[in-house]
Amino acid sequence: MATNEKFDVLRSPNFKKPKFGYDVIEISSDSSIESKLGDISSNNYLRLETPIYLNKLNFEKKNLKGLSFKSLFVVSDCTPIEKSVWRIKHILFSSYLADVNWVINEIGDSELICENIESILFVSHGFDNPQNYKLKNCNKMKNKKISTYSPYLKVPYGVFHPKFILLVFEHLVQPKKNFVRFVVTSANLIQQDWELKIQSIWVQDFFHNIERKDCEFLDYLQEFLKNILNGSKLKDFWLSKVQEFNFEDATVKLVASVPGYFFGDEMFMWGHLRVRSLIKRFVSKDQGKSDELGEKRERIILQFSSLGRISEKWLYTELASSLSEIPGTKLEIIFPTVEQVVNSIEGINGGGSLPVKKEYICKPWIKKLLHKWGTGTMEKNATDEKVIPHIKTFLKYKIFDNAIKIIWLVQGSYNLSNAAWGQIQKDGSQFCIRNYELGIFIHKDQFEFERYFKLNEEFPKFFWKRKSNFSFISEINANKPIRLLNFPLPFKLPPKRYSNSDHPWNIELLM
């Protein structure tokens, strides 16, 4: 079926699945794929770099800011691997889908990476039993300790869905310079996710811990690892290993979900109640005075690749009330139209990574919240709509003086479902979660970091430090430029509402 043909979106047509040779597709990509968050020409605004990236798509001519899968395994882009003083020793991969052979062959391109790795653990939804993986086409890695594990799902109808990587780099001479690279992403460990779909990536490097100090980030990470590795032979190894590193300057907070029924204070450790507790902690202190006009301009974005069977009551009384301290904040769902999917680079087959049922996305109260993927209204140049999103973004933003201020952002593995975010039960006394999930939370009032690098020597490229003597409130009082966090979003803010002729994509169109 030609992509410019019209068809009845109310039924499921019999599409001929086209062959897709994405290796020959080439499009120009520049900063248009990065949201500029408004036309900011005034000196009153200061845009701050953040450790959040998009992936580099394999058909892009220009994308200096995007990260490829392979780039995560390199200490510094300025130093060839053969001259590096660091070597990767241990890797923990977590993903819903995992193509082990593809991953190993990607990192197996480098002899130095392969010959120094001591252990690799894949944690995924798809492995039936713990096992030593037999590699098919990678002789360099056949003798390495590569194992797989699938966590136990305590609650029915749940999935293991977190997508993250832990890479332990050891220094050849000075053990005190060992570091761990922590990656939280929306991408599965499969080729098409990294090369064809838009994904989010948070990545940060953390050096060896010289002094043992209490660290909330480490405590939360360990609690999450205890849950997902419970039953794995490498559980104690990884719990001990992460303790070796200093996470005090973590630029984000972690938001995770683990299956179970939770009570009391434990309810606020996971899911949307975790976000609620973090937002309360970081409520901006400059909101002391009521700003009715400003509050009316605040919006919450719900952008996802999959939608569960949710109720209107759950969306507004649970999730929305956790995501905003201001009751009645407007919700905006960003999701591709049928036309956008059909006209995408992958064609209609690309919609397979948007497994949303028609009965879920076409509910009247959902449809009135729908906004188009890509194109916004604040800039003339539209984001490239030709790429299918697999990114998941939940954020709150505010419009003022023709600028967009993002108040907070959550990215990672979370889609829009109560299985992922959790559901309050039994008159508020019980919190039920079905999925394992992992995301990052960043708030504008919490971000006080800058990227640190050295010009004349090799240094980890994703290392960030807390700014000394920094106070967000003092900057406001000193009439300094308003700080805007710079996030590379592949959609524009504010988003463009669906027209009467637009219909949301649904997976039945592939059947």
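The backbone N, Cα and C atoms fix where each Cβ goes, and this holds for glycine too.
Lifted from TrEMBL, the feature list:
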- HIS161: active site, nucleophile (ACT_SITE)
- HIS390: active site, proton donor/acceptor (ACT_SITE)
- LYS163, LYS392: substrate binding site (BINDING)
- SER417: site 'Interaction with DNA' (SITE)
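Structural mapping of features recorded in TrEMBL.
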residue	record	DSSP class
HIS161	active site, nucleophile	coil
HIS390	active site, proton donor/acceptor	coil
SER417	site 'Interaction with DNA'	coil
_Just to verify a number: CA distance, HIS161 (active site, nucleophile) to SER417 (site 'Interaction with DNA'), in angstrom, no decimals._
12
*Counting across all protein chains shown, how many other Cβ atoms sit within 10 Å of the Cβ of the residue listed as 'active site, nucleophile'?*
24
*For SER417 (site 'Interaction with DNA'), the one of LYS163, HIS390, LYS392 that lies nearest, given that the recorded positions are compared by Cα*: LYS392
*Around the Cβ of LYS392 (substrate binding site), how many other Cβ atoms lie within 10 Å? Please give the count over every shown protein chain.*
24
*Ten-angstrom check, please: count other Cβ atoms within 10 Å of the Cβ of SER417 (site 'Interaction with DNA'), all chains counted.*
23
*Sequence gap of 6 or more, C-beta under 8 Å: which same-chain residues meet both conditions with respect to LYS163 (substrate binding site)?*
SER94, SER95, TYR96, VAL184, THR185, SER186, ALA187, ASN188, LEU189, GLY412, SER413, LEU438
*asked:* With Cβ-Cβ distance below 8 Å and at least 6 positions apart along the chain, what are the contacts of the residue listed as 'active site, proton donor/acceptor'? List them in sequence order.
replied: SER186, ALA187, ASN188, ASP193, LYS197, ILE198, GLN199, SER305, SER353
